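Annotated in Swiss-Prot:
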| type | residues | note |
| --- | --- | --- |
| BINDING | E8, D10, D19, H24, S34 | Mn(2+) binding site |
| BINDING | D10, Y12, N14, D19, D208 | Ca(2+) binding site |
| BINDING | Y12, L99, Y100, R228 | carbohydrate binding site |
Amino acid sequence: ADTIVAVELDSYPNTDIGDPNYPHIGIDIKSIRSKSTARWNMQTGKVGTVHISYNSVAKRLSAVVSYSGSSSTTVSYDVDLNNVLPEWVRVGLSATTGLYKETNTILSWSFTSKLKTNSIADENSLHFSFHKFSQNPKDLILQGDAFTDSDGNLQLTKVSSSGDPQGNSVGRALFYAPVHIWEKSAVVASFDATFTFLIKSPDREPADGITFFIANTDTSIPSGSGGRLLGLFPDAN
């Protein structure tokens, strides 16, 4: 199975797998059952921003979700990613819809990772930034239903030609280049990721959510990982 660390924006509570009874953001370490969650005042039809950061000195993974003009939601969890993830990984975004649906539109996405070792010259870093997504992106690996639309947005799940979200959809987008996320001799391994998103839904209860995730380089969508499993996990264990 894939090794997954994720930050989830979970729009639909699945209390049977340990979700709180409201939309929330959460940190997932190798399981859909979040290690830490915070209530998320999701605003459909408004562009939101997510900022995720990790620092190997503090060993804390944190995420902040905000909408312009309203207060932000923060979640964090103390974890040493050296003990969880392989040394080389890929970073990605995933989303699903189920019986209920929503658009899972990504408008921009940036990521920076840094590895500092004792030798001053040896700093390993990777940076990418998408402000628009091209129609046939060479630098993204698109999986499942994910596609880039003519407006320059990344649609993680299916939408109709008129832009309406479709149910029972799962899609992911990964940056093509592997990331050297940690190294034994590194003094500091850190990363920052930011993305902007738009969730719209005709349903009273949108579903299911968007994630930023880090996984082994050969990761693929697990069979049966739709809906509440957010395209990341084969089961709810």
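Including glycine, each Cβ sits where the backbone N, Cα and C put it.
Cα to Cα, D19 (Mn(2+) binding site) and L99 (carbohydrate binding site) are separated by 18 Å.
Rounded to the nearest whole angstrom, the C-alpha distance between L99 (carbohydrate binding site) and N14 (Ca(2+) binding site) is 13. Excluding the listed site residues D10, Y12, N14, D19, D208, the same chain places S11, P13, I17, P23, A207, G209, R228, L230 with Cβ atoms within 8 Å of the centre of the Ca(2+) site Cβ atoms.
Among the residues the record lists as binding carbohydrate, namely Y12, L99, Y100, R228, the two farthest apart have Cα atoms separated by 11 Å.
When the binding-site residues D10, H24, S34 are ranked by how far their Cα is from the Cα of Y100 (carbohydrate binding site), D10 comes first. Proximity to H24 (Mn(2+) binding site), judged by a C-alpha distance within 10 Å, picks out Y12 from the binding-site residues Y12, N14, D208, R228. Distance noted between the C-alpha atoms of N14 (Ca(2+) binding site) and E8 (Mn(2+) binding site) is 13 Å. Around the Cβ of D19 (Mn(2+) binding site), a 10 Å sphere holds 20 further Cβ atoms from the protein chains shown.
Summary for the binding-site residues E8, D10, D208: the Cβ-based neighbour count within 10 Å is maximal at D208. For the pair formed by Y12 (Ca(2+) binding site) and R228 (carbohydrate binding site), distance between Cα atoms is given as 8 Å, rounded to the nearest Å.
Least crowded of the binding-site residues (H24, R228), judged by neighbouring Cβ atoms within 10 Å of its own Cβ: R228. For the pair D208 (Ca(2+) binding site) and R228 (carbohydrate binding site), the C-alpha distance works out to 6 angstrom.
Residues within less than 8 Å, Cβ to Cβ, of S34 (Mn(2+) binding site) and separated from it by at least 6 positions along the same chain comprise E8, D10, G18, D19, H24, G26, I27, D28.
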